[in-house]
């Protein structure tokens, strides 16, 4: 069995994956982003200094780690170059540490324009996208009209292909959505400025990863968003446009499933969601406000305030099953400090009174769901910075045990603060 590890979110994103990946990359040779785009926001805090990454893998801060953007990612050249310059200004040699798949679809300004136009046209039925163009970029990939990084090697051919697709988008933008057209010449000029930088980092990622496996190098696969936002398994249509589950690791990176050994599911000690969509355990009271403010629940990408609620073990069980999760990492446990009681949703009561223990599929069936809670005592002691399980309050132990019982999966890692050091590792994911 391989000891390569997948790290992914089990909720609606924002679970704290970036910090966990950063910790575990101390053991890895490669960190791979395999899906999503710059709609992700992974926050790392190292010695009190905050770093927010959107496209670049969280392993970039490690000197001996190679960061990979694989072909399952839709790549915004503008966002990537901006991120590279910001990190290099801090002395991090990004271009020496990172490689990009030449099969990555390019995300350009016409995708953003279409995303924004569609959301505006939906009015009160807006999906709550980040407006970064992710959906339209994936649409182009599926429709086989996407421009890819590999197209940049032939600038003349790229310019012709770009003209065709800009005309296609502008027809819709102007005649259907009644908004301004995007400028073909500006898009072409902007991409030509950064073409040489992008192509200098290109590699055949599938071959690279297979060779790394043959050499015994350890790999970490970093997911973006969360399971409940998966295009197939999430709360459709309030989902992202990629597969966020473990199955996408192989299709999005080009490394076969036999070479994956352990799947670590990141779960926040409470639930959050950005944008519209079902959220059975959402809190609208002082407790919800407490979790939002204490947990600093504002999007790293959009700055939007996140909706907050109690931990939903029903949805978490679904994530465990879909991803064949080996172990859980419980994050932001310290945010619960000071609450008199803590609740976990263990089942749903449907509108007809029926009790179910797994999430529904159809959107209509989410309506009117009543969460059924298990209530536990809270704790007044601080858990911030605790690094040993024995030092946690007794009530925190009870909370962790109930999560394990409801999901039938062990909690292998506990995060007690934003810094690397604020972590309890009960089981090493690389030891399997």
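Cβ from N, Cα, C; glycine included.
What Swiss-Prot says about this one:
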type     : residues                                                : note
BINDING  : 13-19, 41-43, 306, 332-334, 415-417                     : GTP binding site
BINDING  : 14, 41                                                  : Mg(2+) binding site
BINDING  : 14, 15, 16, 17, 39, 40, 41, 42, 130, 144, 225, 240, 304 : IMP binding site
ACT_SITE : 14                                                      : active site, proton acceptor
ACT_SITE : 42                                                      : active site, proton donor
BINDING  : 300, 301, 302, 303, 304, 305, 306                       : substrate binding site
Tell me the Cβ neighbour count for residue 41 (Mg(2+) binding site), meaning other Cβ atoms within 10 Å of its Cβ, over all protein chains shown.
20
Taking only the binding-site residues 225, 303, 304, which one has a CA atom nearest to the CA atom of residue 13 (GTP binding site)?
225
Neighbouring binding-site residues, C-alpha within 10 angstroms of residue 14 (Mg(2+) binding site) - of 43, 225, 303, 306:
43, 225, 306
By the DSSP assignment reduced to helix, strand and coil, which category contains residue 305 (substrate binding site)?
strand
For the binding-site residues listed here (13, 16, 303), which one has the lowest count of neighbouring CB atoms within 10 Å of its own CB?
303
Alpha-carbon spacing, residue 303 (substrate binding site) to residue 416 (GTP binding site), which is rounded to whole Å:
23
Counting other Cβ atoms within 10 Å of each residue's Cβ, which of the binding-site residues 43, 225 comes out lowest?
43
Rounded to a whole number, how many Å is the Cα of residue 19 (GTP binding site) away from the Cα of residue 225 (IMP binding site)?
14
